[in-house]
Amino acid sequence: MAKRRAAGSCCCPRAPMKEDNARFCLLAGLILLYLLCGAAIFSALEHPFELRARLLWKQQLDNFTRRYRVNLGALHTLLRQYEEANGAGIRVDALRPRWDFSGAFYFVGTVVSTIGFGMTTPATIAGKIFLIFYGLIGCAATILFFNLFLERIITMLAYIMRWCHERRLRCAGVGVVSSREESSGEEDSLEGWKPSVYYVMLILGIASVVIACSASTLYSSMENWSYVDSLYFCFVAFSTIGFGDLVSSQRQQYESQEAYRFGNCLFILMGVCCIYSLFNVISIVIKQTLNWILGKLRRQLRQLAHFRPKRIKRNAVQPISSHHRYTDGSVETVCDSETDAGALAEVQVGRRLSGEMISVNEFMVSNKVSLALLQKQLSETAHQGPRQSYSHQNGFSGGVGALGIMNNRLQETSVDR
C-alpha cells in the first residue's frame with residue numbers, strides 16, 4: 001500500500017505537466033496557422049503594389065539615363081552610397097540632428113521601450129557594444145514598469161468599484177464602516193473587489209483607443225500625415241513593433257516645437273503602457289480560451305470512447321467481480337452477483353453449441369464460479385432455509401455449475417411468462 005501511495009504521489013504532478021504541454025502544443029499550432037493566414041493575406045494585398053513599384057522605378061532609371069546620358073553603373077554606385085548615408089541619418093530633406101542630446105534621448109527611449117524605429121542606429125563599435133549592455137538592463141526595467149503599471153490599474157479599479165458600492169449603500173441608508181477603522185486590513189478588503197479580466201480588458205481597450213485617436217489628431221496636424229497613417233503609426237509605436245517607415249518629431253522645425261515634442265513623448269509613454277497591459281490581459285483571455293478548447297476536446301474524446309463498441313476476443317474470459325472473505329484462516333470466494341456468472345455460463349454454453357473451442361482459463365473460471373455458487377446455496381440453506389425452487393413446478397431439473405445456472409434462467413423466464 002505504501003508503494004502505491006508513493007507511486008501515486010509521484011504521478012500526480014504529471015497531470016498538470018501534460019495539460020501544460022497540451023496547451024503549449026495547441027497554442028504553437030494556432031500561432032503557426034495565424035502566421036500562415038497573415039502571410040497569405042499580406043502577400044495578396046502588398047505583392048501587386050511591390051511589382052508595380054519595381055516596374056515604375058525601372059522606368060524612371062531608364063528615362064533618367066537616356067535623358068541625361070548617365071552611365072547606369074555609375075548611377076547605381078551613387079545610389080548605394082546614398083543608402084549608406086541614409087543609414088547614418090543623412091536625408092535629402094533637412095532633418096533634426098540625430099546625436100545631439102535631444103536626439104540621443106529620443107533614441108534611448110525607443111531602445112528601452114523596445115520600439116526601435118530604426119531611423120537612428122549606432123555606427124561606431126563602442127556604441128554598438130554599449131547598446132548591448134544598456135538595452136539589457138533598460139528593457140528589463142521597462143518591462144517591470146509596465147507590469148507594475150498594470151497592477152496599479154487593477155488596484156485603482158478595485159478602489160473605484162468599492163467606492164461605488166459604499167456610495168450605493170449610503171444612498172440606500174445602510175451603514176458602512178466609518179472612516180476605515182480597520183486600516184491595517186484595507187489591502188485585504190480589496191481582495192473581494194478585484195475586477196474581472198474582461199472588465200480590465202474593456203477599460204484598457206477604451207483607454208488605448210482614446211489615446212490613439214487623440215495622438216492621431218496631433219500627428220495629422222503637425223506631421224502632415226493622413227489620419228489613417230497617423231492611426232497606423234500610433235499602433236506600430238504603442239505596440240513596440242516600430243517599423244520605422246513613419247517616425248514622429250523628425251523634422252528640423254515645428255510650430256510650438258517644444259510643446260509638440262513633450263506631447264509626443266507623453267502620448268508614446270501612455271500608449272505603450274496601455275497597449276502592453278492590454279496585451280497581457282488578452283493573453284490571459286487566450287489562455288482561458290485554450291483551456292475551454294482542451295476541455296471540449298477531452299469531453300468529445302470521452303464520449304467517443306464511451307460509445308465505441310468493445311471488441312471481445314476469442315477464447316478470452318471477461319473479468320468477474322468478486323471479493324475474498326477470510327474466515328478461520330480459510331479463504332471463501334463469493335460472487336457479488338449471479339448475473340455475471342449467468343452471463344458467463346450463457347456465453348460458454350453458446351460457444352459449446354456453436355462448436356467453438358474454449359480455453360483452459362474459461363474452464364477453470366467456470367468451475368470456480370460453480371463452486372462459489374454451491375457454497376452460497378449451502379450457506380443460505382443452513383441459515384435461512386432452502387431457496388424456493390421452480391424445478392418441480394415447471395419440469396426443469398436442477399443442477400450445479402454452468403448448466404444449473406442456465407436451468408435457473410430458463411425457470412425464471414417461464415415463471416415470468
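Yeah, the Cβs are placed from backbone N, Cα and C, and that goes for glycine too.
Annotation comment: TrEMBL describes 97-153 (among others) as domain 'Potassium channel'. Note on the domain 'Potassium channel' (97-153): DSSP counts are 41 helix, 0 strand, 16 coil.
Here the domain 'Potassium channel' (208-287) returns a mean pLDDT of 92 for the predicted model. What TrEMBL records for 208-287 (among others) is domain 'Potassium channel'.
Summarising the annotation, TrEMBL assigns transmembrane segment to 26-45 (among others). Away from its own ends, the transmembrane segment (26-45) comes close to residues 286, 290, 293-294 of its chain (Cβ-Cβ under 8 Å, at least six residues beyond either end).
Beyond the ends of the transmembrane segment (104-125), by six or more residues, the same chain brings 87-89, 98, 131, 134-135, 138-139, 141-142, 237, 240-244, 247, 249-250, 265, 268, 272 to within a C-beta distance below 8 angstroms of the stretch. What TrEMBL records for 104-125 (among others) is transmembrane segment.
What TrEMBL records for 131-160 (among others) is transmembrane segment.
Feature annotation from TrEMBL assigns transmembrane segment to 197-218 (among others).
Annotation source TrEMBL lists transmembrane segment at 230-247 (among others).
Here TrEMBL flags 259-279 (among others) as transmembrane segment.
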Legend entry - Close approaches to the transmembrane segment (197-218) from elsewhere in its chain (Cβ under 8 angstroms; 6 or more beyond its ends): 153-154, 157, 227, 230-231, 233-235, 238, 260, 263-264, 267-268, 270-271, 274-275, 277-278, 281-282, 284-285, 288
